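Trainee: I grabbed these lines from TrEMBL:
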| type | residues | note |
| --- | --- | --- |
| BINDING | C66, C70, C73 | [4Fe-4S] cluster binding site |
| BINDING | E178 | S-adenosyl-L-methionine binding site |
| DOMAIN | 52-279 | domain 'Radical SAM core' |
Amino acid sequence: MDAGLKRELEAKVYAGERLSREDGVALYDSDDLAWLGRLAQHRRTERNGDRVMFNVNRHLNLTNVCSASCAYCSFQRKPGEKDAYTMRIDEAVRKAKEMEDEQLTELHIVNGLHPTLPWRYYPKVLRELKAALPKVKLKAFTATEVQWFEKISGLTADEILDELMDAGLESLTGGGAEIFDWEVRQHIVDHACHWEDWSRIHRLAHSKGMKTPSTMLYGHIEEPRHRVDHVLRLRELQDETGGFVVFIPLRYQHDFVDSADGKIRNRIQARTTMAAPAESLKTFAVSRLLFDNVPHVKCFWVMHGLSVAQMSLNFGVDDLDGSVVEYKITHDADSYGTPNTMHRDDLLHLIWDAGFQPVERNTRYEVVREYDPAPSLAQRRAEPQQVWA
Ligand code: SF4
């Protein structure tokens with residue numbers, strides 16, 4: 001990058017000025033990773049100090065049966081396929097109850113677009129989960145699922161959200177966003193929920209007082225300009241509603257044939273590579289710099305491995321998700337040896353070892369507990385942590 005442009009961008013960041021579309025593309029053009037990290041870290045520290053938030057949650061996927069066939073998805077199964085499953089309500093409750101002694105504060109529930117499950121199933125499952133685990137917040141369903149519920153129920157999203165909230169819904173999840181630009185989206189997304197509906201449903205959720213996450217799936221066939229466009233759409237909606245609490249860049253995954261039937265379902269795998277760690281760190285940094293009105297940027301460590309997760313804390317990230325005891329969607333597409341179970345203590349040590357203060361939060365990002373600041377580097381090295389994958 002031209003030294004003059006670099007100085008100009010740096011001056012904008014340190015003056016707290018909003019970055020433009022061109023600035024975003026220029027930042028992605030830079031190969032100076034340390035510089036990008038320093039700028040993002042400046043923005044992150046201004047907002048969140050040296051705190052790193054996490055929550056203790058469990059991911060629950062009620063069904064992997066899906067009417068759509070998104071090109072990148074290794075999770076979905078068609079009815080009758082060997083490892084297709086749909087949980088009965090009592091089964092979902094039993095699985096959630098198994099986590100009770102983990103003191104989980106949140107259940108994160110996303111699912112396939114099941115062709116025959118009736119709409120009534122969804123509020124019912126929330127009600128029963130809430131009755132069984134009254135202290136646990138239910139973060140459930142993508143905007144894509146809500147739009148699917150409109151289709152199968154004949155109700156409006158407004159009525160659907162009211163009923164789901166009455167049944168115990170605390171927040172929608174941020175999924176289904178992928179990349180909004182149609183130039184890319186038309187090649188990877190196979191359902192009917194695009195920017196217009198995704199933003200309509202999150203806007204509606206925000207108007208009802210919900211705080212929701214936002215996401216972006218990166219590192220497949222998109223170019224940096226598409227990532228910039230994606231974030232700017234979210235930033236504009238955030239200016240309007242203020243309802244997004246976090247932004248989560250999700251790393252596109254290859255399908256590593258660990259499913260029972262040995263099939264590769266990812267249809268763009270042959271012409272794509274997965275984003276390397278440097279690309280992921282750059283994406284975290286540029287996202288933090290561009291999405292200036294979102295409070296938090298999260299690293300979903302299951303998709304990155306623990307080393308990148310730890311490094312991301314120096315590239316604009318201030319939130320780690322989470323204590324996952326079971327997570328099917330990504331682990332159907334991950335053969336990196338990343339553990340699929342992390343507990344509170346594991347996360348605390350991961351954060352301290354990176355030099356930050358862990359703060360446990362709930363679904364709305366309210367503080368549950370502040371832990372001690374990180375011990376000094378000398379103390380940390382005197383008692384080395386286990387080597388993270
Ligand atoms: S990404 Fe979601 S909607 Fe698309 S095929 Fe997979 S489960 Fe279905």
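Glycine residues also receive a Cβ, built from the backbone N, Cα and C atoms like all the rest.
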Trainee: May I ask which of the binding-site residues C66, C70, C73, E178 have a CB within less than 6 Å of any atom of ligand 1, listed in sequence order?
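Mentor: Within range of ligand 1: C66, C70, C73.
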Trainee: Specify the secondary structure state of C73 ([4Fe-4S] cluster binding site) as given by DSSP, simplified to three classes.
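Mentor: Its secondary structure by DSSP: coil.
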Trainee: Quick one: Cα separation, C70 ([4Fe-4S] cluster binding site) versus E178 (S-adenosyl-L-methionine binding site), in Å?
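Mentor: Given the Cα positions, C70 ([4Fe-4S] cluster binding site) is 11 Å from E178 (S-adenosyl-L-methionine binding site).
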Trainee: Quick one: Cα separation, C66 ([4Fe-4S] cluster binding site) versus the residue listed as 'S-adenosyl-L-methionine binding site', in Å?
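Mentor: It is 17 Å, counting Cα to Cα.
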Trainee: With a radius of 8 angstroms around the mean position of the C-beta atoms of C66, C70, C73, what other residues of the same chain does the [4Fe-4S] cluster site pick up?
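Mentor: So the additional residues around the site are A68, S69, Y72, F75, Q76, G112, D190, H191.
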Trainee: Cα-Cα, whole number of Å: C73 ([4Fe-4S] cluster binding site) versus the residue listed as 'S-adenosyl-L-methionine binding site'?
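Mentor: That separation, Cα to Cα, works out to 11 Å.
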